[in-house]
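What TrEMBL says about this protein:
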type: SIGNAL; residues: 1-28; note: signal peptide
type: DOMAIN; residues: 59-109; note: domain 'Inhibitor I9'
type: DOMAIN; residues: 143-380; note: domain 'Peptidase S8/S53'
type: ACT_SITE; residues: ASP152; note: active site, charge relay system
type: ACT_SITE; residues: HIS187; note: active site, charge relay system
type: ACT_SITE; residues: SER346; note: active site, charge relay system
Amino acid sequence: MKVFGRWVVPLAAVAVAAPMAFGGPAAAAPPQGPVAVPPGAEVVQGSYIVSLKTTTSLSSSGLAAQYGGTVRHTYRKALNGFSVTATAAEARRLAADPRVARVEADTLVWPVGTRPYPLWNLDRVDQRTAVLDDEYTYPTTAGAGVTAYILDSGIRTTHREFGGRATVGFDAYNDGWNGQDCNTDGHGTHVAGTVGGATYGIAPAVSLVSVRVLSCEGPGPMSNILAGIDWVTQNARKPAVANMSLGSTISPVLNDAVTASIASGITYVVAGGNNDRDACNYSPASAPAAITVGASNGLDERARNWGGTDPGSNYGTCVDVFAPGENIRSASNVTDSASRVLRGTSMASPHVAGVAALVLGENPAATPAQVTQTVVGSATVGALKLASTDTSPNRLLYTGPDLYPAPAEPFASH
């Protein structure tokens, strides 16, 4: 007897006939597992991130297809898992599979800090005192031989600031931009310029690689961020540093991926966030092995009181060091010679990434832990005017001549 379709059977007849037709009670519903949704995050509908148990080795596409999903990215190095397009019901069934450790809703990750603001320069970080000398001094190796991976909105690689040192490594989008920076604020190009621009950069000889994980509009799905980290982990030319001027609400899968990539030998520098809140509530700012950066202003204060949706630099014990993040001029993606001024921890983080590149240029064999110890341990202590209730470390980035191993290389200024 056909129950579904065009045949209509009286209810009483169904009640009597059903045990005979189906041979007993209806089959149990397929098991379902939990799908994690980071609190306060903006969810990407129909997209999920699947973490597999560490002992699991299988075809991601085969596992996804078993439950009706389609794989978008497969993560092999920074994370054992994949991202999948699926319905909510399919995701819950996938989460119940014994080979799956966790299923998390894909969420948007935003660039941190993009507002134009008046100019100041990088002079503060090469000296201990607040009296500026109108010079920025750095070792003549200037980060040569080190590769900086910019996980961001892309880089205008033809900009004259980069002098041919900027290339494209990875693009998570199939929109024709091929790793170039299409963001309205030129976020990724600005960040790259602070890391390694000839005029605006901390390490003006470092090689820069665009790892485009953010969209032209600004945010990008978590699945794309993870794909970028995974690509860097698998393909990095070492010694290497990675900069992530982006953030989301706390995400265990993002923190885990960053931690795994650091364990592979890559130093990660990340923005602390612009929420004027505890950085421990955000990712990757809360990733324990990353160097998390807060923003300071020209008065050596924690940069804040910006208003709007980005009120000020995050703070707290998850911040490792502060760096200039207000009124920062760097390269723009508008033309090959353009510049602009932005503010935020997005602008502070690349200062620290640049110093990490300088440290690696002087000591290419240094591990991420050793780079972190040098950068954080050498920061100027007590320079910041922090409130008595601020639990942030009072450490301001420093990159003076005494930071590097003796005998020091000759130093240059610009």
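Cβ atoms here come from the backbone N, Cα and C positions, even for glycine.
Overlay of TrEMBL feature records on the structure.
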| residue | record | DSSP (3 states) |
| --- | --- | --- |
| ASP152 | active site, charge relay system | strand |
| HIS187 | active site, charge relay system | helix |
| SER346 | active site, charge relay system | helix |
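Helix, strand and coil residue tallies for the domain 'Inhibitor I9' (59-109), in that order: 15 helix, 21 strand, 15 coil [DSSP]. Counting other CB atoms no more than 10 Å from each candidate's CB, the active-site residues ASP152, HIS187, SER346 peak at SER346.
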